[in-house]
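For reference, the structure is listed below as structure tokens.
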Amino acid sequence: MTRLPRTLTPVYTALIVYASLHPFSGWRDTAISPLAFLTTDWPQYWTAFDMVANVLAYLPLGLLLTLALQRAPGQWLAAVMATLLGGLLSFCVEAIQTWLPSRVPSNLDLACNMLGTALGALLALALGRWLTGTLTRLQRRLAPTPHIEVAVVLVGLWLFTLLSPETFLFGAGDLRHLFDIPPAVAYAPSSFFALEAGIVFCNTIAIGLIVRSLLAPQQASLALLGSFFIAALAVRTGAAMILLGPQQAFDWLTPGAGLGFSVGVLLLSLCLLLPPAGRVAIAGMMLMAGTVLVNIAPANPYSVVVLNVWKQGHFLNFNGLTRLTASLWPFLALPCLSLFGRRR
């Protein structure tokens, strides 16, 4: 598990790059030097929210980089290197934003990003030994599978997809928005109910079996899996509460989602009795079935309203990031299932 920071660092870096350059369209030559933002005055219009968000976005990067570089001679050298690398990343994306008409490069953003990286590096220095010890103890609870940290990161990305309140509960793999493909089925209450229940049912079993496969045999328990699903639903509820308002915190709990989750949990408890190969096979089938269903499901009128409300705020780029992660997740998870058939 001590390899986890080195695995997470490139993943988190890719997320930052995508969020910083989203929507990746409208590129043009503005006849402005990409370095001009370094010498301009600070932006006339800025908000405390933007500054805090820029600091917090790079804080985990500083933490991860410092932990990943802990083999460097001296803890402070690792922290300094992490801060410089975080600043270099921020400088590069700010410079590239010069060619994106929807983005404005800012020296204030660069300063906030570097501050966040430095704070993350200091946090790693303060908590490094505790974090390393905790990760080592967690390693003992995981299955003896090569590159198990990759699967742990994928489960973390699955939890990240739940931050998008517009998507189906546990629904991932929807590619239609990437290719402008219209829904295959017209909206009707009955068909929407059935497809939503099927999506939640399939993905409940798939993610449950994937999490079970991560755990060492002596660590697996229904209570632990139950805690995982409680945490997942808490993430979904908290995201909706923060992004949309407290009155919409439990809008994900529709009749279809409730039915699919309830039946999925019951069948999952039976699938846990299967041998490892059987669990992996069913997880793969449920993952593929859920992906097919989410791509033929009719558009949810509620999701359209949610997306319009959300995009009016500060979360446009965050929305694009969560949707892309949700779209690609099953196609990353399927190859990962092959790891669970291997042992050290």
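Cβ atoms here come from the backbone N, Cα and C positions, even for glycine.
Feature annotations, reproduced from TrEMBL:
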- 7-25: transmembrane segment (TRANSMEM)
- 19-126: domain 'VanZ-like' (DOMAIN)
- 45-69: transmembrane segment (TRANSMEM)
- 76-96: transmembrane segment (TRANSMEM)
- 108-127: transmembrane segment (TRANSMEM)
- 148-172: transmembrane segment (TRANSMEM)
- 192-215: transmembrane segment (TRANSMEM)
- 222-246: transmembrane segment (TRANSMEM)
- 252-273: transmembrane segment (TRANSMEM)
- 280-300: transmembrane segment (TRANSMEM)
- 320-340: transmembrane segment (TRANSMEM)
Per the Cβ under 8 Å criterion, with at least 6 residues separating them from its ends, the transmembrane segment (108-127) contacts 37-38, 42-43, 46, 50-51, 54-67, 75-76, 78-80, 82-83, 85-87, 89-91, 94
Lying 6 or more residues past either end of the transmembrane segment (192-215) yet within Cβ distance under 8 Å of it, the residues of that chain are 141-143, 148, 151-152, 154-155, 158, 168-172, 185, 224-225, 228-229, 232, 254-257, 259-261, 263-265, 267-268, 271-272, 276, 279-280, 282-284, 286-287, 289-290, 293-294, 296-298, 300, 333, 337, 340
Taking DSSP H, G, I as helix and E, B as strand, the domain 'VanZ-like' (19-126) contains 72 helix, 0 strand, 36 coil
